[in-house]
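Here's what TrEMBL has on this protein:
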BINDING   A:G243, A:S244, A:A245, A:R303  protoporphyrin IX binding site
BINDING   A:G243, A:S244, A:A245, A:H339, A:N344, A:P345, A:R346, A:R357  heme b binding site
DOMAIN    A:68-218  domain 'Dyp-type peroxidase N-terminal'
DOMAIN    A:233-419  domain 'Dyp-type peroxidase C-terminal'
Amino acid sequence: MTTFKPSRPKHHPRGASRRQVLVGFGTGAVALAGGRALAGSEGDEQVAVAPKGNADQLQRQSFYGIHQAGITTARPAAGLVTAFDLIVQSPDDLETMLRLLTERISFLMHGGETPTADPKLPPPDSGILGPVIEPDNLTITVSFGASLFEGRPWLAPLKPRQLVRMTQFPNDALDRDICHGDLAIQFNANLQDTNIHALRDIVKNLSQFMVLRWSQEGSVPVAAPMEDGREPTARNFLGFHDGSANPNSTDTALMNEIVWVGPHNDEPEWAHGGTYQAVRIIRNFVERWDRTPLREQEEIFGRAKATGAPLGAGPGATEYDTPDYASDPDGAITPLDAHIRLANPRTRASEENLILRRAFNYSNGVASSGQLDQGLLFIAYQADLEKGFIAVQNRLNGEPLEEYIKPVGGGYFYALPGVRDPGDYLGRSLVEAVRRRATSPS
Amino acid sequence: MRLIPVVAASVVASTAAYGLALAADVTLELVEPITEYKIYVAENTEELVKDTEEFVAAIKAGDVEKAKSLFAPTRTSYEAVEPIAELFSDLDVSIDARADDYEQGEKDPKFTGFHRIEYVLWEQNTTDGLGEYADQLQADVTDLNDRINSLTFPPEVVVGGAAALMEEVAATKISGEEDRYSRTDLWDFQANFDGSEKIFELLKPIVSEQDPDFVAKVQANFDQVDETLAKYKTDHGFESYEKLTDSDRALLASRVNTLAEDLSTLRGKLGLD
Ligand code: HEM
């Protein structure tokens with residue numbers, strides 16, 4: 001592996017490129033969490049410079065930190081979640097796999113020249129990004145499912161306390177072929193090709209340990225800034241802005257409360273710095289939705305479709321205005337069963353149910369019915385799975401939106417703590433905890 | 001067969017950068033393993049002809065139960081030589097195609113061979129209408145056996161065959177789609193792994209000189225496959241594919257993909273294009 005050399009020497013540390021700004025979280029998109037510097041961003045441009053697309057590909061997310069990237073870092077346009085079963089029979093297997101995975105991810109996120117070999121041999125890299133891989137804002141986020149722990153007596157005692165196999169909610173029609181897994185990887189990048197390249201690299205290099213289970217791609221559309229200069233959220237496949245009320249992911253203190261597991265959570269110590277990940281593949285019945293009156297659509301969500309503003313927020317309101325439920329106790333303006341009102345009633349008590357959503361839209365061709373198979377690759381992060389996703393979903397059970405959506409897959413996973421430096425590896429704290437247990441008399 | 005040490009040393013030195021050790025004339029070195037492999041194939045096709053005779057006789061006698069019991073064991077000698085199926089692809093289609101190779105599926109009369117017979121035996125529980133297909137199968141396997149002696153075995157096809165069959169198992173067999181009516185897939189798995197391993201075994205002495213770690217890893221993966229399949233052995237053969245647990249299926253899938261990955265370097269390691 002060689003060091004990555006950007007083709008353009010000048011970087012503007014603060015000036016995030018256009019797409020970075022456009023698809024980021026609300027107004028905080030420019031400043032990345034933890035002050036991570038952006039490499040290769042754009043300044044003023046003249047005719048001769050490479051097109052914007054290339055500049056985006058130079059954006060690099062740091063692989064190192066106390067948390068994994070891809071959770072509170074800005075969400076780029078392309079997402080992919082792949083779940084695997086693991087062939088890991090001993091702590092040594094687990095360590096070997098995690099070290100190898102760490103090596104691949106650090107290379108892929110950093111970018112650089114692809115290795116080559118004698119032409120008589122298969123090339124070590126798929127080559128789909130060419131001989132030099134640009135980082136392209138890639139993040140690769142690794143998480144473990146309950147089955148990894150439950151199937152292995154030496155791991156079982158170390159399972160995060162709330163990690164369970166995803167259960168069926170009333171409106172679900174789960175398809176076992178696209179549920180659960182020992183391990184999930186979330187790939188996020190500016191281009192889907194970058195995610196696919198990374199997936200293929202990992203599949204190629206880790207076949208001894210990892211068997212594919214299911215995979216779902218998604219994307220979010222870019223959008224122009226609003227009149228006041230703020231960045232809108234992306235729209236989902238029902239045509240509504242999605243993410244408006246997401247907690248500010250650049251607010252470290254807030255994230256420590258909502259997202260990151262720490263000493264204040266009742267979790268094994270190895271898990272500190274990680275977070276629960278809820279993945280849901282939620283089909284949208286888009287033909288039916290498109291045949292639904294606008295007013296009904298807006299009442300189902302509790303927001304205006306064009307602007308994303310809360311209902312009744314008045315002229316000029318944006319998606320970042322806060323709904324006022326206190327002065328609307330009977331739901332005359334925002335129905336009591338509107339999606340946003342059920343998901344977050346905005347009471348003192350419901351503050352503990354906040355979650356960080358990081359969704360992508362998917363389009364999977366045609367369903368057996370002959371209708372479009374589209375939907376939401378819903379991903380949420382929270383420090384407390386029961387108070388987070390599960391509590392919110394339980395409140396949403398029976399919501400009017402259910403007529404238009406059908407959760408069909410996904411799973412619960414625990415995103416590992418970050419890799420602190422090049423001497424560290426993913427899941428080290430878990431491997432060490434396993435070994436401590438093995439040597440200490442219980 | 002071993003390289004003369006002097007040659008081996010100079011070869012390794014000149015190509016060390018690639019991790020490849022090219023023999024001056026690798027085809028010379030491959031003469032013996034390929035000859036031996038040809039004998040292995042010939043033994044199998046001979047067995048195939050004999051076993052098919054018995055299988056066809058049971059079908060013609062209208063003995064459904066006997067025909068069913070002979071289906072899987074008859075196939076194994078064919079599955080064992082599949083690494084080089086590309087050398088007789090015309091016969092492979094008529095002997096071993098599956099319904100989904102045809103747009104009309106089972107309705108297509110061109111869907112012939114083992115799986116047509118399997119379909120009728122298990123799905124329709126009869127031998128009715130199988131006479132012609134049985135004759136055709138007998139003629140095809142006889143033709144195959146007759147061809148083997150005069151067939152040239154290009155080294156790159158034999159060496160590449162070990163990986164090619166693993167690719168096929170990984171892509172279209174591991175999920176249990178091959179013997180979907182009879183659920184006798186585990187018989188095929190064993191024969192496929194054996195057939196691929198045979199090639200590896202014959203080449204091992206050459207490869208282990210330059211890359212002992214590679215040889216050890218591949219061998220360990222073949223061994224793990226054998227151990228896993230051994231759990232499903234019965235007095236007469238193998239359990240139904242349905243008995244295969246999710247975790248054993250995942251293990252086999254991982255091993256077959258890794259074997260395909262590793263064996264895909266075999267041609268290059270031996271300097272074959
Ligand atoms: C296909 C399924 C879904 C669609 C189309 C959808 C769409 C939306 C939309 C348009 C909003 C308003 C804008 C925003 O604040 O983001 C929203 C808000 C929200 N949704 Fe969903 N959502 C879906 C599923 C879910 C699920 C499964 C959950 C969690 C169990 C969830 C939790 C939330 C939360 C917490 C909010 C913010 C409410 C607030 O704080 O005001 N959503 N969703």
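Cβ from N, Cα, C; glycine included.
Feature annotations (TrEMBL) mapped to structure.
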residue : record                         : DSSP class
A:G243  : protoporphyrin IX binding site : coil
A:R303  : protoporphyrin IX binding site : strand
A:H339  : heme b binding site            : helix
A:N344  : heme b binding site            : coil
A:R357  : heme b binding site            : strand
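Of all the binding-site residues in the record (A:G243, A:S244, A:A245, A:R303), the one with the smallest CA separation from A:R346 (heme b binding site) is A:A245. Nearest by CA distance to A:N344 (heme b binding site), out of the binding-site residues A:G243, A:S244, A:A245, A:R303, is A:A245. The shortest Cα-Cα distance between A:G243 (protoporphyrin IX binding site) and any of the binding-site residues A:H339, A:P345, A:R357 is the one to A:R357. Using A:R303 (protoporphyrin IX binding site) as the reference Cα, a 10 A cut-off selects A:H339 from the binding-site residues A:H339, A:P345, A:R357. When the binding-site residues A:H339, A:P345, A:R357 are ranked by how far their Cα is from the Cα of A:S244 (protoporphyrin IX binding site), A:R357 comes first. Using Cα positions, the member of the binding-site residues A:H339, A:P345, A:R357 nearest to A:A245 (protoporphyrin IX binding site) is identified as A:R357. Proximity of A:P345 (heme b binding site) to non-local residues of its own chain (separation of 6 or more, Cβ distance below 8 Å) is seen for A:Y325, A:R395, given in sequence order. Other Cβ atoms within 10 Å of the Cβ of A:R346 (heme b binding site) number 15 in total over all chains. Looking only at the binding-site residues A:R303, A:H339, A:R357, the densest Cβ neighbourhood within 10 Å occurs at A:R303.
Taking A:S244, A:P345, A:R346 as the candidate binding-site residues, the subset whose CB lies under 6 angstroms from any atom of ligand 1 consists of A:S244. For the domain 'Dyp-type peroxidase C-terminal' (A:233-419), the model's average pLDDT works out to 97. If you compare every pair of Cα atoms in A:G243, A:S244, A:A245, A:R303, the residues listed for protoporphyrin IX, the longest distance is 12 angstrom. Residue density at A:N344 (heme b binding site): 18 other Cβ atoms are found within 10 A of its Cβ, drawing on all protein chains shown. Of all the Cβ atoms in the protein chains shown, 19 others lie within 10 Å of the Cβ of A:S244 (protoporphyrin IX binding site).
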